[in-house]
């Protein structure tokens, strides 16, 4: 969903000179091609990746740890999120033809799953912190933690629904040269933006910085040949989050405090490009939080064999050998309780 207000409003740009209006028209042509293409790329990649994670987690991997509970809800949220993108892609090329009810529904679904995804990423970070730093306690309370994890996931979905109500209530179809589905309410827009920035960026970012800093310190004092691999994964997770989410959130923050940027066509380009980059998280989450696990990759090849897409080619033995070798790694006696560190 394009996060802008005036791009399609020709009346907004009629007050500017001919050169500015020409730049605006060029931008509109660019956005009609760029955003729908990016939406479809994210949709296809996110659909395939998150569907694989869900199928393997439910039918092959089972729920063996608290992280596994989160890794079922994360691809579910991302999967529903990417399923809204074809609608926004079509509306970007043409106009909104799906009516007001679908407008409110898709705005709600889009926002709910955005918040859910970010909050679950935060919970995964905290869970990894507990398992690595407080390994013995986590191991002894594994059953209790599983129960609490399911409750936490339910609460996350409820909280996401509640904070998405403004988009659902105030979302509507507007006629700005063409029909557009968007959320727009000046009175509460500041509160909505603050909620988006807090739950969707600052909370997961600060949690990652604090928790992963302590985890890195713990791993540096741990033995095992897989220590460096785990550190690389942590740095990769942080780098992907910063590179995909920071630019768009920074642009939104600037836009909310400096309205004069609306008159700059170059700033409009910045918004849609950073927005597209931010949406890549829905494609990358399956790789960062599932496919890094040897057990998950082994189950993936089992799925490939079961559906008959490719010959097995002795893959099972390959992963079995790698998995046995990985078990020599230990930052504590039960680091393997999490999906991330079953590398």
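The backbone N, Cα and C atoms fix where each Cβ goes, glycine too.
Swiss-Prot assigns residue 23 and residue 188 to topological domains of the same name, so the membrane does not separate them in that record. Swiss-Prot lists transmembrane segment for one of the ranges 169-186, 277-294, 295-312, namely 277-294. Matching 70-90, 322-342 against Swiss-Prot, the residues noted as transmembrane segment span 70-90.
Of all the Cβ atoms in the protein chains shown, 23 others lie within 10 Å of the Cβ of residue 103 (disulfide bond). For the transmembrane segment (233-260), the partner stretch with the highest count of Cβ pairs under 8 angstroms, out of 34-60, 145-165, 277-294, is 277-294.
DSSP labels the residues of the topological domain 'Extracellular' (91-104) in these numbers: 9 helix, 0 strand, 5 coil. For residue 181 (disulfide bond), the number of other Cβ atoms no farther than 10 Å from its own Cβ, over all displayed protein chains, is 24. Helix, strand and coil residue tallies for the topological domain 'Extracellular' (166-188), in that order: 5 helix, 12 strand, 6 coil [DSSP].
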